[in-house]
Amino acid sequence: QDQAELILEGPHTSASQSEERKKTTKEREEGEEEGDVFQDSEPELDEEKGEDVSAESAGKVEDDGKKRHKGEAGESTKSENPPPLAPFDHRIVTPKPHQIATYYTINRDEVLGGGRFGQVHKCMENSSGLTLAAKIIKARSQKEKEVVRNEIQVMNQLNHANLIQLYAAFESRHDIILVMEYVEGGELFDRIIDENYNLTELDTVLFIRQICEGLQYMHKMYILHLDLKPENILCVSRATNKIKIIDFGLARRYKPREKLRVNFGTPEFLAPEVINYEFVSFPTDMWSLGVITYMLLSGLSPFLGDDDNETLNNILACQWNFEEEEFTDISDEAKDFITRLLVKSKSWRMSAAESLRHPWLSDRSLHYRLNQKVILTGQHI
Ligand code: ADP
């Protein structure tokens, strides 16, 4: 089968023509901006952990970003520091039976995204003026409501800078609304397909490291995400490489021997054990991380076939490779990283902790070399 056909064709893209696949179906005003690309990266790493970051160190991000190589114009806001924390302390949320409109102003015109079960809008808490995101989930039956209550329960347990934080929840007859920390940088998905956005390998290192930090924390808390894909990774802003993981709609506490039934919306990211309806576990998320890494580095979807059936078969056969020209300049360490995640047998995949220790994410001299490569080839210009 012709691998060149395996182009990115997620739920936001319509056809396989290259023009089409660069567009998302929603309006992306910011995508029209010119020259809004990363300036550089710092080779030096900082070992801070997301959950420990203080407001001070979050502020430091901006300062650090001012150090840059070769005096390029514009300010670099890339650094190794974790993303800013939510603008509120972690809280345990129980859904309230009140009218949300009493406390919040939902901007019905500003749709941040459409999900499986409803829409996400920008909103403001009236008493504080805080900007937040309201995810309105249609849930009429008790069964549907239980699913959303599970999402709330999961978010209640997760306090980490790389995981979107829950602020409040409101339950009514027809829906449950989750009010969350708002981030404005858009989906990581959009950066993959944005031709103005030249992602370098070092950018990918920074993104993947943060996803790994968030995953390591989740897994330590015994929680599986089970729906990791580029649409569920949000950028904190357009100018930085900071990300937060969203959508805990399928997330759950790990139960040994639990199987997962999924609606095959887009099968590209499904792990073989999910397709086979076998037990899901921590490595199930690690498979998805492998797919995301592959996509960020190449813009290609490793298993995507001409139709869903072919995609599923490619996944089950674990049929993927680095043959595309997009991988020509990619480091051996990156390829090794992916190779240790896209492994059919769950037990042989790297864990989040192992991934963080893998040279691709941890070797400073490699990052220095990747940074030098950016300078020499002027990848950002
Ligand atoms: P679903 O579970 O229905 O798929 P998501 O939680 O994935 O819904 O949200 C759908 C989309 O809404 C996301 O892909 C994203 O573009 C946007 N979105 C979700 N949460 C936020 C947020 N906290 N801040 C900004 N945009 C968000």
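Positions of Cβ are set from backbone N, Cα and C atoms, glycine also.
As recorded in TrEMBL:
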- K135: ATP binding site (BINDING)
- 18-29: compositional bias 'Basic and acidic residues' (COMPBIAS)
- 30-54: compositional bias 'Acidic residues' (COMPBIAS)
- 59-78: compositional bias 'Basic and acidic residues' (COMPBIAS)
- 106-361: domain 'Protein kinase' (DOMAIN)
- 1-91: region 'Disordered' (REGION)
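Predicted-model confidence for the domain 'Protein kinase' (106-361) is 93, expressed as mean pLDDT. For K135 (ATP binding site), the Cβ neighbour count at a 10 Å cut-off comes to 27, with all displayed protein chains included.
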